[in-house]
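To start, the structure itself, in structure tokens.
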């Protein structure tokens with residue numbers, strides 16, 4: 001398949017990329033030439049197997065559109081200490097970027113996962129993410145595969161108008177901190193027609209995310225699609241306008257999840273929609289938890305002060321491997337408001353069935369039928 005955009009092509013082989021050697025210098029030279037080019041331009045890593053150290057593609061670029069096409073299989077150094085930063089392939093301050101191709105970015109993360117439990121050790125050094133997108137506008141990422149990242153596969157920070165289409169993310173279900181796509185402080189994010197199998201959240205939405213639309217995502221193994229955690233730090237920006245629709249979860253720990261810390265600084269998440277979702281043997285299909293406190297790092301006595309409002313759950317069906325299929329635990333200090341719960345049909349076939357639910361600190365409006373029945377205190 002040819003290069004997808006018209007314009008000049010900057011093939012890394014022409015800049016000294018050699019099969020067995022580290023191609024990072026060749027990639028950076030090709031990027032500099034493409035970025036300085038007036039018209040549309042594309043950096044091409046053609047079919048083949050390559051080794052590549054850390055690379056950072058910096059903008060702004062002269063042309064209005066620039067492509068980065070990966071058709072080869074590119075491997076990161078296996079040793080986590082070979083990285084200066086927390087990103088292996090990073091893109092900064094670029095308008096009109098398209099990252100595409102039939103290739104694979106292989107983070108060779110197996111060594112890092114053994115040391116990666118930063119949840120329990122706040123001072124640990126984060127391993128490198130496969131892909132970092134920072135301060136981008138009008139970006140498209142399509143068709144590529146991220147394999148075995150050392151940490152998050154894809155991190156999106158302070159971006160505006162970025163789309164992920166037909167992306168594949170793969171790592172074992174046992175890999176630690178390998179979130180598929182993490183979004184923070186970004187507006188206008190679309191994730192569609194994408195397959196994510198990993199050891200942590202398939203998609204996680206952090207503070208400051210607005211207008212994020214997630215459709216036609218297959219998630220599993222993994223920890224589901226999460227909003228949060230919110231309220232861990234001071235001055236977090238609010239979350240607004242998150243839609244998760246037409247997605248399938250298979251063998252995951254969670255389906256859709258909202259998590260906020262107790263005893264939190266003030267904050268908010270509003271306009272959250274979870275609709276037309278299929279759960280295949282999911283441990284916690286629906287979980288809204290405002291007492292999220294992993295590893296006992298906080299006190300649950302003081303309530304979360306993250307205000308959750310305008311939340312819709314509708315047409316969520318399938319099978320739960322946990323008896324409590326729906327958990328809605330809103331903050332006792334700041335109850336959820338304007339929650340709508342429509343059709344839910346989740347079955348549990350294990351011991352002590354059928355499925356049950358818990359619901360507290362909210363008075364939802366119900367429509368249609370809920371299985372299990374949901375009674376809120």
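Placement of Cβ uses the backbone N, Cα and C atoms for every residue, glycine included.
Predicted, not measured: the structure shown is a model, and the values here were computed from it.
Taken from Swiss-Prot, the feature signal peptide applies to 1-5, supported by experimental evidence.
Annotation source Swiss-Prot lists repeat 'PbH1 1' at 159-184. Distant neighbours of the repeat 'PbH1 1' (159-184): 109, 113, 116-119, 127, 133-149, 151-153, 190-209, 212, 219, 221-222, 251; these residues of the same chain sit at least 6 beyond its ends, with a Cβ under 8 Å from one of its Cβ atoms.
Averaged over the repeat 'PbH1 2' (186-207), the predicted model has a pLDDT of 99. The repeat 'PbH1 2' annotation in Swiss-Prot covers 186-207.
A coil conformation is recorded for residue 200 (active site, proton donor) in the three-state DSSP classification, outside any helix or strand. Per Swiss-Prot, the feature active site, proton donor maps to 200.
Summarising the annotation, Swiss-Prot assigns repeat 'PbH1 3' to 209-229 and lists sequence analysis as the type of evidence. Long-range contacts of the repeat 'PbH1 3' (209-229) within the same chain: residues 172-173, 180, 183-203, 239-261, 269, 272, 280, 282, 284, 292, each at least 6 residues beyond the stretch ends and with a Cβ under 8 Å from a Cβ of the stretch.
The C-beta environment of residue 211 (N-linked glycosylation site), restricted to residues of the same chain at least 6 apart in sequence and closer than 8 Å, consists of 187, 188, 189, 240, 241. Classification of residue 211 (N-linked glycosylation site) by DSSP places it within a strand. As annotated by Swiss-Prot, N-linked glycosylation site applies to 211 (among others), with the evidence given as sequence analysis.
The active site annotation in Swiss-Prot covers 223, and the record cites similarity to another entry as its basis. According to DSSP, residue 223 (active site) is assigned to coil rather than to any helix or strand.
Cβ atoms under 8 Å from those of the repeat 'PbH1 4' (239-260) belong to residues 173, 202, 205, 207-231, 267-290, 292, 304, 306, 308, 311, 316, 318, 331 of the same chain, restricted to positions at least 6 beyond its ends. Per Swiss-Prot, repeat 'PbH1 4' is recorded for 239-260.
Counting only same-chain residues 6+ beyond the ends of the repeat 'PbH1 5' (269-290), those with a CB under 8 A from a CB of the stretch are 220, 224, 227-228, 230, 238-260, 262, 303-304, 306-322, 324-331, 336, 344, 346, 361. Under the heading repeat 'PbH1 5', Swiss-Prot lists 269-290, citing sequence analysis as support.
The N-linked glycosylation site feature in Swiss-Prot is assigned to 345 (among others); the stated evidence is sequence analysis. Summarising the environment of residue 345 (N-linked glycosylation site), the number of other Cβ atoms within 10 Å of its Cβ, over all protein chains shown, is 17.
Beyond its flanks by at least six residues, the repeat 'PbH1 2' (186-207) meets 113, 152-153, 156-180, 213-228, 230, 233, 236-239, 242, 252, 267 of its own chain at Cβ-Cβ distances under 8 Å. Between the alpha carbons (Cα) of residue 200 (active site, proton donor) and residue 223 (active site) lies a span of roughly 5 Å. For the pair residue 223 (active site) and residue 345 (N-linked glycosylation site), the Cα-Cα distance reads 21 Å.
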